[in-house]
Amino acid sequence: MASNGMASSPSSFFPPNFLLHMAQQQAAPPHDPQEHHHHHHHGHHHEQQQHHHHLGPPPPPPPHPHNPFLPSSAQCPSLQEFRGMAPMLGKRPMSYGDGGGGGDEVNGGGEDELSDDGSQAGEKKRRLNVEQVRTLEKNFELGNKLEPERKMQLARALGLQPRQVAIWFQNRRARWKTKQLEKDYDALKRQLDAVKAENDALLNHNKKLQAEIVALKGREAASELINLNKETEASCSNRSENSSEINLDISRTPPPDAAALDAAPTAHHHHHGGGGGGGGGGGMIPFYTSIARPASGGGVDIDQLLHSSSGGAGGPKMEHHGGGGNVQAASVDTASFGNLLCGVDEPPPFWPWPDHQHFH
């Protein structure tokens, strides 16, 4: 298996137009995979015998006129010697690849992999010194946006690559935005706290004003109620005084028909005693003096008087005597007569009592 690997490595390393490789392709019969599997299981010595048996000694290649580095037919090594050189040749690409990576690191191939401070990522990180950082900070304060000309000037002045300067400005701008957001947040939070405190103070003041308004309304309602009670008491007292004065006036003034009522029975009795013989044929007897019209008043209608006096018990009652034909009054209600005869303008149907005093 190792010999197969050594045999295949020169063909993959050298170009396909290599003369030895061409000679092997021309001389070698088609390779059987079963025989290759058989070689894999039987040792290196058996593998060499099988290769010699199938391949045979390769013919010497003719010298190549265009490639002086290739060996001639006399100097061409055998296949076994070439296989011995394959391990040494196989190690060359690996060392070359390592060397190429180191060259890229020296030449600054890892520009994209930079850390936050502008240094390269990897085993060898290049960090910026203090002077470079100060210069970049001053330029960042002048303007956080980096133009291409300015980037090239800074790179030449600081001995850095333009990509490093651009990445440093990008990271610095991100940190600046974060700090700016924190500052804005703190300022807005302070403003919010101040507004909340002011709002709480206004709410407390509003509550106090509402309480004062309620107290003032209660006082006004109480004062209005007190004034209304005073007015009611004053009106009630005025009414009571007026009623008491009316009662006193009524009690002090005597009834106007009391003297006439007292004198009426005496005069009637005198008239009845003096003219008993000639009074029988008169037929019409005048009423009492209480129904006489006042000096300034008018008369009363006889129909109205009789109608009102006939319905109640307060009217005058008259009795007829068979001997002399005289009429005698039994009882008279002074109040009803006063109410009936007040304000009547018609003349009385009979003569008043004082006009008939000549009968005595």
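Every residue gets a Cβ built from N, Cα and C, even glycine.
Annotated region 'Disordered' per Swiss-Prot: 25-75 (among others), in sequence order.
As annotated by Swiss-Prot, compositional bias 'Basic residues' applies to 36-55.
Residues or ranges marked as compositional bias 'Pro residues' in Swiss-Prot: 56-68.
Taken from Swiss-Prot, the feature region 'Disordered' applies to 88-126 (among others).
The compositional bias 'Gly residues' annotation in Swiss-Prot covers 97-109.
The DNA-binding region annotation in Swiss-Prot covers 121-180 and rests on sequence analysis.
For the region 'Leucine-zipper' (179-223), the DSSP counts in helix, strand and coil order read 45 helix, 0 strand, 0 coil. Under the heading region 'Leucine-zipper', Swiss-Prot lists 179-223.
Swiss-Prot lists 233-278 (among others) with the feature region 'Disordered'.
Residues or ranges marked as compositional bias 'Polar residues' by Swiss-Prot: 234-246.
Residues or ranges marked as region 'Disordered' in Swiss-Prot: 299-328 (among others).
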Lying 6 or more residues past either end of the region 'Leucine-zipper' (179-223) yet within Cβ distance under 8 Å of it, the residues of that chain are none
